[in-house]
Amino acid sequence: MKPCCAYYFFSSGSSGSRQTRASYNIMIEGKTYTVNLMQKAFLPHNFRVYGYNGTGSMKPLEQQLQNFCYYQGYIEGYPNSMVIVSTCTGLRGLLQFENVSYGIEPLEPSVGFEHVIYEVKHKNKGVSLYAEKDIESREMPYKIQSIEPLSEFSQYIEMHVVVEKNLYNHMGSDTIVVTQKIFQLIGLTNAIFTSFNVTIILSSLELWIDENKISVTGDANELLHRFLKWKRSYLVLRPHDIAFLLVYREKSNYVGATFQGKMCDSHYGGGVALHPRTISLESLAVIIAQLLSLSMGIAYDDVNKCQCSGTVCIMNPEAIHSSGVKIFSNCSMEDFAQFISKPKSQCLQNQPHLDPSYKAAVCGNGQVEQGEQCDCGSAEDCDAKSNSCCNPATCALKPGSICDTGKCCTDCQYSAKGEICRPPTDECDLPEYCNGSSATCQDNFFVQNGHPCGENQWLCLNGSCISGIKQCTDVFGEGAEFGPEECYSHLNSKTDQSGNCGSGPSGYIQCKTKDLMCGKLICQYKNEKIIEIPNATAIYANISGHICVALDFPQGFRNGKMMWVKEGTVCGVNKVCRNKECVDAAYLDYDCTPRKCNEQGICNNKKNCHCNPSYLPPNCQTSDDAWIGGSIDSGNFPPVARLASSGNLKVRVNLKSSQKTESIISQVIIFDGQEKWKKQNKNKTKLHAMPDCLGFKPAYYDYDRQEKIEDF
């Protein structure tokens with residue numbers, strides 16, 4: 001079949017199996033590379049993403065997941081290369097050469113199959129998996145052997161992953177976005193274990209969206225013991241060989257913990273991986289790979305005895321800091337061979353159902369599955385929906401319909417471009433708009449952390465104005481005010497239930513003088529009504545004429561977090577609370593000067609300008625009275641907004657079919673944050689050229705004026 005797009009798939013397989021391959025041509029900095037891929041399934045047919053309901057009970061989150069669009073492969077002509085991508089929505093993933101890695105992701109919005117490629121930079125110098133004293137040294141000699149797959153028999157590690165709240169927020173605060181990033185992470189980890197013939201199976205994923213189920217403070221070793229204790233008493237999910245807790249840390253010298261050789265042990269089969277702000281998903285995948293290896297008894301490499309064909313071997317501590325392909329050494333191969341030869345490794349031989357076609361789509365179950373355009377449930381369910389656009393008998397859209405569900409689907413058609421699909425919920429939140437070409441609302445964006453709010457008294461954090469006043473009214477009701485400094489100085493200098501900065505094994509922790517405003521939440525109470533909050537003790541104090549009030553909960557109560565000052569609360573000039581300490585607000589990395597957005601907008605959490613009405617992104621300099629406001633991320637972008645977007649060195653590419661019968665024009669335009677787009681063909685550059693069967697028409701743009709000149 002002749003391809004009609006700038007890429008193609010072809011399939012081959014045998015009885016009882018299904019193999020799908022893909023091939024792409026990608027141009028990077030003027031050179032064309034051919035990427036050959038094979039489907040890599042790592043989600044079981046019954047995979048689920050879990051969250052929690054309002055009562056704290058676990059529940060599956062409804063998501064439309066795909067298991068047939070994840071690929072792994074290599075770059076033709078580069079034997080030490082690896083490519084890990086998903087094709088669910090364009091190409092998204094990593095291209096690894098021997099000592100450099102490139103990220104690739106779709107350019108959105110795009111009228112053609114256009115992507116951005118960028119070199120992955122590592123800023124995680126000094127990060128180690130373990131403290132030096134905790135690293136086991138090799139005492140036994142290792143013979144040099146060839147690096148080949150150890151066994152013709154596949155091994156499977158079934159892994160349950162928990163994402164704690166801070167990392168969930170760091171990854172985008174959206175269940176779909178975070179889930180896709182975890183999928184990408186597992187894909188990267190799988191690529192590392194190819195030489196072992198091991199597949200990492202993501203058996204289930206748990207997201208701590210609203211609150212953490214355990215304290216995530218302390219070092220990785222402390223956290224591992226706490227997590228395993230919680231897991232033994234709480235975790236009853238799908239079968240798994242090992243459970244991992246992924247935790248965000250602004251900075252951490254040591255970023256992981258596990259028990260050596262305990263992979264299949266139900267009590268000790270677990271790991272904790274810390275995600276410092278400065279590391280990439282590529283580095284996090286290396287951390288997880290090292291932890292999984294250690295849990296199988298694979299020790300760190302002695303660089304004088306161990307070797308591999310890559311620049312750096314996986315079990316070299318330096319692997320976390322480097323880009324490019326990473327390979328297991330001969331020493332790691334021998335360690336792994338010893339592990340799988342023992343009875344305790346039998347859990348790796350359990351093969352889950354991975355075939356994407358294993359679970360056939362069921363029309364009428366209310367879930368849109370592979371091969372279905374829609375699924376409104378049973379005929380009765382569909383009839384009850386007066387505006388259903390779906391045929392309940394076929395799970396196909398009714399004639400004339402282009403969508404059935406979604407925040408941007410109105411009367412079976414895509415909602416108009418510019419229609420708000422997710423209104424702001426806070427002054428630190430931002431609206432998102434329908435883009436006119438999809439039923440799905442844009443990802444959720446919010447004001448950049450550190451932006452002033454609450455009449456410039458407070459700061460934004462993760463889409464909320466962290467107002468001390470609101471904290472007090474939320475807890476004690478209308479009329480309550482954030483306590484004056486005298487209240488905090490008097491109460492939080494104590495080491496009892498009335499005031500402290502937390503508790504430890506030895507009891508309450510006294511706040512340091514600089515941290516007094518970051519311990520117990522202390523409010524000024526002006527209501528004569530007695531405070532009655534379930535399970536809480538209200539503590540009153542008359543200090544300098546102020547009625548100061550605080551709460552105390554028994555240890556372990558879910559509502560206990562309301563008795564503390566929230567992270568991000570202002571505690572002094574250019575100071576905010578963090579982990580019950582008053583620290584420099586610079587950690588929020590706020591850099592949105594008024595000049596950046598021409599004093600006509602504010603920055604969002606991607607550091608792009610969200611412009612006021614009548615001013616166009618990306619920098620809010622150009623005016624247009626018809627423009628209602630927004631950013632290049634919010635969905636309501638003007639046609640030229642993306643073209644002027646800036647960033648680090650990136651490559652805008654069109655991927656083209658490697659089939660010789662198809663003549664596809666491919667252009668590469670390199671830009672950085674300071675340069676305009678390079679001009680070609682007398683200021684006219686052909687951005688894309690797609691076959692007519694997709695309905696796309698190429699266009700010329702004038703990059704000096706940033707506008708479309710003509711169609712052709």
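Backbone N, Cα and C define each Cβ position, glycine as well.
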Candidate in Cys597, Cys620 joined to Cys611 through a disulfide, as TrEMBL lists it: Cys620
Cys421: disulphide-linked cysteine among Cys390, Cys395, Cys403, Cys441 [source: TrEMBL]: Cys441
Per TrEMBL, cysteine bonded by disulfide to Cys308 (from Cys313, Cys331): Cys313
Top Cα neighbour of Cys620 (disulfide bond) in the set of disulfide-bonded residues Cys308, Cys313, Cys421: Cys421
Within the predicted model, mean pLDDT of the domain 'Peptidase M12B' (155-352): 88
List of residues, in chain order, with Cβ under 8 A from that of Cys313 (disulfide bond) and at least 6 apart: Asp301, Cys306, Gln307, Ala319, Lys326, Ile327, Phe328, Ser329, Ser332
Among Cys421, Cys441, Cys611, which are recorded as disulfide-bonded residues, the nearest neighbour of Cys308 (disulfide bond) by Cα: Cys441
Cys441 (disulfide bond) to Cys611 (disulfide bond) - Cα separation in whole Å: 19
Entry from the disulfide-bonded residues list Cys308, Cys611, Cys620 having the most other CB atoms no farther than 10 A: Cys611
